[in-house]
Amino acid sequence: MFRCGGLAGAFKQKLVPLVRSVCVQRPKQRNRLPGNLFQQWRVPLELQMARQMASSGPSGGKMDNSVLVLIVGLSTIGAGAYAYKTIKEDQKRYNERIMGLGLSPEEKQRRAIASAAEGGSVPPIRVPSHVPFLLIGGGTAAFAAARSIRARDPGARVLIVSEDPELPYMRPPLSKELWFSDDPNVTKTLQFRQWNGKERSIYFQPPSFYVSAQDLPHIENGGVAVLTGKKVVHLDVRGNMVKLNDGSQITFEKCLIATGGTPRSLSAIDRAGAEVKSRTTLFRKIGDFRALEKISREVKSITVIGGGFLGSELACALGRKSQASGIEVIQLFPEKGNMGKILPEYLSNWTMEKVKREGVKVMPNAIVQSVGVSGGKLLIKLKDGRKVETDHIVTAVGLEPNVELAKTGGLEIDSDFGGFRVNAELQARSNIWVAGDAACFYDIKLGRRRVEHHDHAVVSGRLAGENMTGAAKPYWHQSMFWSDLGPDVGYEAIGLVDSSLPTVGVFAKATAQDNPKSATEQSGTGIRSESETESEASEITIPPSDPAVPQVPVEGEDYGKGVIFYLRDKVVVGIVLWNVFNRMPIARKIIKDGEQHEDLNEVAKLFNIHED
């Protein structure tokens, strides 16, 4: 006899409940009376009664033939209607289950939500009452921690509770690659083509990677489950328990807080009316990307407020798009130039000119005083008297760390940097860790810090996961961050990069290979932190040389590629690699060593910027 496996087994399991006993097996008791045949065939009670009435009249006499015919006819019609209804219902359930076999968990969830919107009901998700590892937040840090926990403990059961309706995904492409896609369905697929031509999804893993939350406690080899659209509203540190916004309670053994941050708004917008707020995007999530992409096809002008990484990336992306659509893109910020808080002034000004060439009207030294509505347009009034009319506003002015759980959990908030205050091992309590944007940690090289970048989320999440499984390691691996202003200009940075610090820049003429596009082609990934290898810079030697006065870059030069060193007490504490790629391990080693250097021109040679 053949055995059905794989898909056949799935079909069998799905369709077994639909099988009906339309044929009666031979009874084991041969002396059973035939009068039970109707019960065996599951004929409705009213039809059985009709049959009995048809076989005998009052007081056991024979019925009139016309009455008999009427009863038999009605019985036949009723039986036919019943059979028709039964077959149609079975066919409907059959089709639904056949279609359900090929649906992903994401699609099933989407259809369930759509059914609820149309008046249907969504079965409640069973929340496990206890998990060994609980991760609060569904971003990069939480996912990195989950992978790290499972790597050290392959049987671990990990539950991620995420307020976001999406499965864990990477944020950088939301302001970079997705905007350069020529796929008209990019907002649905969320697939992007990297500069090297390879396709990639912004999701870290497909739905099949995860297990269901209700099955998590019973799976023999453990796994990672995600509760989407759920928020932890109460944390009991002593009782190892959290409460969700739906009233559910979960106890845990180890807990990670990776709640990230919320985009900051402007007080001028907060004071404005409802119409201004409805025409303002606080850019952060997938939903914000989808909304802004749609808006960019419908309006005539968009103003980006903010001159940092996110604001400049979005301005460049929208500016490049405007070359085909004709939309006006304006960027305004209080600094003198783009990324003025990070880059030295000469490089910030050069970057601003680059952004202008992308089709953006850049307005530096702009402080927003008020926002209102005038003639169907949003009217932005600046402190110096200038006015800007626009159809839509995008604010990119930083994050406010999500620290609401500090109150119920009795956790400390850092008064200088914000975020949960943790030690070098990212611990807030003996069984509580914090990672990502919400963590204010002690860097054993650079002091107390709070960092809001993708690679830091990866590094801190991974470290927290290791320490949750007993590693007891301090935060020593310096995370990096990067920013691309289109395919031609990009930079990578590490450490303390603050334009208020003394800087030394060493530059060289760029070649056709010195751009983000070429870097991606060589590394195979647009998420450049993924291409790093520490072993490349395990040993570096800086040759001795006579002290030299570093050359000060001249305003107006073409800064094709170079290295900018940030100094504190003559020690390099931060490095920006300008159109220099795949050299981050060297920069990390220099900062880790923490030595004074007499001639930074010699140090710059380690990055091979003068090679053709």
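Cβ coordinates are placed from backbone N, Cα and C, and glycine is handled just like the others.
A 10 Å cutoff on Cβ-Cβ distances gives Lys254 (ubiquitin cross-link) a total of 23 other Cβ atoms nearby, all chains included. DSSP gives Lys254 (ubiquitin cross-link) a strand state. Under the heading ubiquitin cross-link, Swiss-Prot lists Lys254, citing similarity to another entry as support.
Under the heading N6-succinyllysine, Swiss-Prot lists Lys108.
According to Swiss-Prot, the feature phosphoserine maps to Ser115 (among others).
Feature annotation from Swiss-Prot assigns phosphoserine to Ser267 (among others); the stated evidence is a large-scale study or a structure entry. For the recorded site, Ser267 (phosphoserine), the DSSP three-state label reads helix. If you take the C-beta of Ser267 (phosphoserine) and look for same-chain residues 6 or more apart in sequence within under 8 angstroms, you find none.
Per Swiss-Prot, phosphoserine is recorded for Ser370 (among others), and the stated evidence type is similarity to another entry. Annotation for Ser370 (phosphoserine): same-chain Cβ neighbours under 8 Å, separated by at least 6 residues, are Ala268, Arg271, Ala272, Ile380, Lys381.
Long-range Cβ neighbours of Lys387 (N6-acetyllysine) (same chain, at least 6 residues apart, Cβ-Cβ under 8 Å): Leu379, Ile380, Lys381. Sequence annotations record features per position, and here Swiss-Prot assigns N6-acetyllysine to Lys387 (among others) based on similarity to another entry.
Taken from Swiss-Prot, the feature phosphothreonine applies to Thr520.
Look at Swiss-Prot and you will find Ser523 (among others) tagged as phosphoserine.
Residues or ranges marked as phosphoserine in Swiss-Prot (evidence: similarity to another entry): Ser529 (among others).
The N6-acetyllysine annotation in Swiss-Prot covers Lys592 (among others). In the three-state DSSP classification, Lys592 (N6-acetyllysine) falls within a helix. With a 10 A radius on its CB, Lys592 (N6-acetyllysine) counts 15 other CB atoms from all the protein chains.
Computed over the motif 'Mitochondrial localization signal' (1-30), the whole-number mean pLDDT of the model equals 42. According to Swiss-Prot, the motif 'Mitochondrial localization signal' annotation covers 1-30 (among others), on the basis of similarity to another entry.
Per Swiss-Prot, motif 'Mitochondrial localization signal' is recorded for 62-88 (among others).
Here Swiss-Prot flags 1-53 as transit peptide.
Secondary structure from DSSP puts Lys387 (N6-acetyllysine) in a beta strand. A gap of 31 Å separates the Cα atoms of Lys254 (ubiquitin cross-link) and Lys592 (N6-acetyllysine).
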